[in-house]
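Please find one structure pasted underneath; my questions will follow.
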């Protein structure tokens with residue numbers, strides 16, 4: 001392990017530096033099982049759907065809850081950039097948080113166990129992933145060299161061993177895999193029973209399908225680019241909110257020199273969604289992804305885009321210019337991306353550098 005005290009990272013839960021964001025339409029009884037691992041943290045709950053429904057949260061948790069009325073009140077005319085009746089509503093929680101790190105989880109996910117039978121502390125593993133560097137420029141065949149018990153292998157350039165800051169930690173799932181509707185229909189009984197004890201950096205220039213149900217990221221590095229799009233009710237596409245965010249955030253990370261890790265930690269995904277309902281929701285996305293992925297693979301951000309916010313504003317314009325020919329929806333999406341960024345900057349004004357303050 002390349003010079004990092006992982007025991008110290010696990011011992012310090014960073015409770016003052018991390019918010020947990022949960023999108024939901026139901027009472028959060030699932031949090032009872034998570035209490036040993038999540039009780040120290042502040043929760044931001046984003047209630048989707050009917051705001052008149054009362055959401056119950058187990059006692060003892062520190063939380064704030066936002067429904068659609070709150071979103072409309074806080075964002076005003078920009079509220080339409082937040083998806084309705086879609087898991088993408090979670091990104092409102094990213095916006096109102098003031099913490100360095102975000103962990104987001106779905107309400108049908110539970111604590112998993114490793115092969116020894118020990119309950120997995122997802123927060124501790126995500127923090128280790130984020131607090132240690134990524135290696136996107138050269139692949140290490142022993143995977144993450146910053147894990148305990150491993151290091152850089154022979155032939156790994158010393159000039160690259162410092163790595164880069166990690167912006168995103170993408171966790172995985174046991175039991176119900178994150179399949180699209182056609183795969184669900186072909187393999188209705190398939191379950192993921194393989195626990196792969198590995199963390200790896202996704203190489204620079206390589207995209208991946210990001211799932212939002214077990215995800216952590218450094219809000220200070222990449223927050224403005226972690227937008228889950230405008231999808232769900234009233235839109236022609238759904239279930240691609242996290243895909244869009246993942247592709248966009250990866251391109252921004254590559255441009256700014258940040259890293260993305262995937263692998264550990266695992267959680268237990270308990271419920272398979274209806275594949276016939278999913279097929280209707282995914283119909284457009286299954287076709288459009290053949291254009292969206294090449295769009296992200298080939299775009300180049302300008303040198304002037306030297307922050308996540310600047311990158312995302314440039315990306316919003318590219319989306320309208322390049323993808324509207326696929327469908328007029330992308331014109332609306334590009335406008336929503338710009339509105340999201342404006343709302344983000346209004347709620348999160350940049351800190352004033354004392355050097356820039358002129359004294360009289």
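Cβ from N, Cα, C; glycine included.
Dumping what TrEMBL says about this protein:
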- 154: site 'Required for activity' (SITE)
- 154: N-linked glycosylation site (CARBOHYD)
- 161: site 'Required for activity' (SITE)
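Quick one: how deep are these features, and who are their neighbours?
The Cβ of residue 154 (site 'Required for activity') lies under 8 Å from no Cβ of any same-chain residue at least six residues away in sequence.
Within 10 Å of the C-beta of residue 161 (site 'Required for activity') there are 16 other C-beta atoms, taking all protein chains into account.
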